[in-house]
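Q: Annotation source Swiss-Prot lists domain 'Glutamine amidotransferase type-1' at 3-201. Swiss-Prot lists 80 with the feature active site, nucleophile, giving sequence analysis as the kind of evidence. Taken from Swiss-Prot, the feature active site applies to 175, 177, supported by sequence analysis. Look at Swiss-Prot and you will find 202-389 tagged as domain 'GMPS ATP-PPase', backed by sequence analysis. Annotated ATP binding site per Swiss-Prot: 229, 230, 231, 232, 233, 234, 235, in sequence order.
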């Protein structure tokens, strides 16, 4: 299979690069920035991409690739920090920009002459690109020339033109992998298909086939258990692994007391439709007792992760493997296991797990984004009712009840959230939104109901649109709709007298509040 390797220098967008490549039908793999040239040669990639990163190339411990990668006979593309690393290696100069550039910028193509069009920018006009950098290239390396510029970055795109490897090393100061770059997909296609000569041969079906074969070989005659919640991720993971293991996969559904209204009953009904080997465990009292008086979201996540494992270990027999529906966004927001990406928060499926666990992990979806998981699920005949569910965090409502968690506070949140979701479905808005939910805030506010003064809870409604969970924009729901939802919640849910709507995008905010 043709493949592309992305070296991770710490950008929060690194996995997006891999995703965009896969959208072109080409398999991509992310490796640490320090992977040796020899190790890369053994993998035989058809192209190499250097990601962006949060550091400066002049920092004392700035990550730098093996210098011998430039001797590999494959095209190389550097993005943002990747461009700067290439430029520094070849003798160019990088300096702190007097004006940092974050967001959209107008890019203008620079042509040496009418007959010397850059292969990278073939059929790409002047257009909008997405910038996210503090440093910038100030002096070209010898043998390179400019192919694009912006008002603040005169050396916005460069490529080599002399000596061995002509038209084989390229650099971009902007991010083609981000949707805001108008012709980002076309640019990556030019690099991978036209320049590297790669024939697309990767697809969700080929992923399924290779993953089933991998799991069969990994598990052999042993057995596995699956932490299944009824959500998209765990359900698709369970069905995929069951295709490899059959009855050797034992699925465990844990009612942790942190689910949405009537969710436990609905989940069990849906899972039976999948024909999975299922055991249900009611551990709600255990989870709530361990979360009593815990306020820190990080502690909540770690407690929930440890408790999940404890419950599993009490209900296993001879299983040696644990299946989880971990996705790329889970990994990137917790810690980059493949490079120096900065940690945002611990995810239940990743860093929240105890280090000394008896079960070996199988994470079949770890390299996929949410939309790719849905495509895989569709091919595996997972019901649409499951595939269209909005994302739900592993720690459940514990991270939507801000502050301490109790059954009483959870019940208040459940009722409010049920009204919000019910109205979204009634108004045919649910499937138009990536994710929607309600957050119970750790404050009480003054209100008036009838002739009485109230001092009760406030909630925040959150609805966002996204394609992959890496970036998200708040959903512009109609004002009349929001007013109707607010009115229902305040009148029908005892203990709430104020409803707010979250209009924060990601970044700078994350989708979940905790």
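Note that Cβ sites are derived from N, Cα and C of the backbone, with glycine treated the same way.
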Q: Restricting to the domain 'GMPS ATP-PPase' (202-389), report the mean pLDDT as a whole number.
A: 84
Q: Which residues, same chain and not among 229, 230, 231, 232, 233, 234, 235, have a CB within 8 angstroms of the centroid of the CB atoms at the recorded ATP site?
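A: After dropping the recorded site residues, what remains is 228, 236, 237, 325, 386, 389, 392.
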Q: According to DSSP, does residue 230 (ATP binding site) sit in a helix, a strand, or coil?
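A: DSSP assigns residue 230 (ATP binding site) to coil.
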Q: CB neighbours of residue 80 (active site, nucleophile) within 10 A?
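A: Total other Cβ atoms inside 10 Å, all chains included: 25.
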Q: What's the CA-CA gap between residue 229 (ATP binding site) and residue 80 (active site, nucleophile) in angstrom, rounded?
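A: Just about 39 Å between their Cα atoms.
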Q: Have a look around residue 175 (active site) and count the other CB atoms within 10 A of its CB, chains all included.
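A: Around the Cβ of residue 175 (active site), 23 other Cβ atoms lie within 10 Å.
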Q: For a quick check of understanding: among the binding-site residues 229, 235, which residue's Cβ has the most other Cβ atoms within 10 Å?
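A: Going through 229, 235 one by one, the largest Cβ count within 10 Å is at 235.
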Q: Provide, as an integer number of angstrom, the distance between the C-alpha atoms of residue 177 (active site) and residue 80 (active site, nucleophile).
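A: With distance taken Cα to Cα, residue 80 (active site, nucleophile) is 11 Å from residue 177 (active site).
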